[in-house]
Amino acid sequence: MDPEGLQLLLPPTTLAALANSWLQEDCPGLNFASLVTGSAPSQAVLWAKSPGVLAGRPFFDAIFTQLNCQVSWFLPEGSKLVPVVKVAEVKGPAHHLLLGERVALNTLARCSGIASAAATAVEVARSTGWTGHVAGTRKTTPGFRLVEKYGLQVGGAACHRYDLGGMVMVKDNHVVAAGSMERAVLKARQAAGFSLKVEVECSSLEEAFRAAEAGADLVMLDNFKPEELHPTAATLKARFPSVSVEASGGVTLDNLTQFCGTHIDVISLGMLTQAAPALDFSLKLFAEGDTPVPHARRF
């Protein structure tokens, strides 16, 4: 999907509510620094100082919209950044620009970092000829999930289920609580109805067979070593060709290619949201006729 179109997924009311909550967190009371800057009309340039994928424009916009500032973008969402590059310009009262600066930079840097990691993962997987789905997980930051899931999609990865209502996933603890694999899947199928898929986490071929026989749509082969994963998936698919197989657990950018295979439909990586490094951006105020260029990071 075109990254530019992904912003249509984000409800304006949700964007405004998130932006307001982030600003409230950073400045719940008096902003003493505003007495230093004053409220004169000002402008600032957003610079990208590290390579990666630009993601998070809607959140950046929402933050400054709350502060009556205007953002003009020079690069579209999903652009590949080559530092140092001028990404956007923000205009508004000086004290409002600086009130939104850190919150907006944090959000953009984090979202872009996740998009960059996702794009790398997809590129690595595609280099093997594998055509399945690279996906994130539900291992996200509380209160920041929308940003992180959106970043995955800008980077070309699937966001997996957005929340508990997106799919019924039966994990080991659910099986223990239900009393058996079969009972857990039966209850999941009853809850899912016709509109939701049921996925079951399995740690052995025997569990995978039981899950598929009980009616699972997807079987997650969790924490399998690559040399065990592929024969297990092949055996499962031979018996249950309509069941999709997800590989998860221990997957990184370094070993991702080892998990790509004919019988694997989805590979999920928690590190895309848990370990992706943030990109480096800066927002610099400037006077008319004077646009400072920050130094790029050294790699």
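Just so it is clear, glycine is given a Cβ too, placed from its N, Cα and C backbone atoms.
Feature annotation from Swiss-Prot assigns region 'Important for hexamer formation' to 8-12; the stated evidence is similarity to another entry. Per-residue confidence over the region 'Important for hexamer formation' (8-12) averages out at a pLDDT of 94.
If you look up Swiss-Prot, you'll see R102, R138, K139, H160, R161, K171, E201, D222, S248, G249, G250, G270 marked as quinolinate binding site. A helical conformation is recorded for R102 (quinolinate binding site) in the three-state DSSP classification. Its Cβ placed at the centre, R102 (quinolinate binding site) has 13 other Cβ atoms within 10 Å.
Under the heading phosphothreonine, Swiss-Prot lists T291, citing a large-scale study or a structure entry as support.
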Within-chain partners of the region 'Important for hexamer formation' (8-12) [C-beta distance under 8 Å, separation at least 6 from its ends]: 58, 146, 150, 153
E201 (quinolinate binding site) CB neighbourhood, other CB atoms within 10 A: 24
Composition by DSSP (helix, strand, coil) of residues within the region 'Important for hexamer formation' (8-12): 3 helix, 0 strand, 2 coil
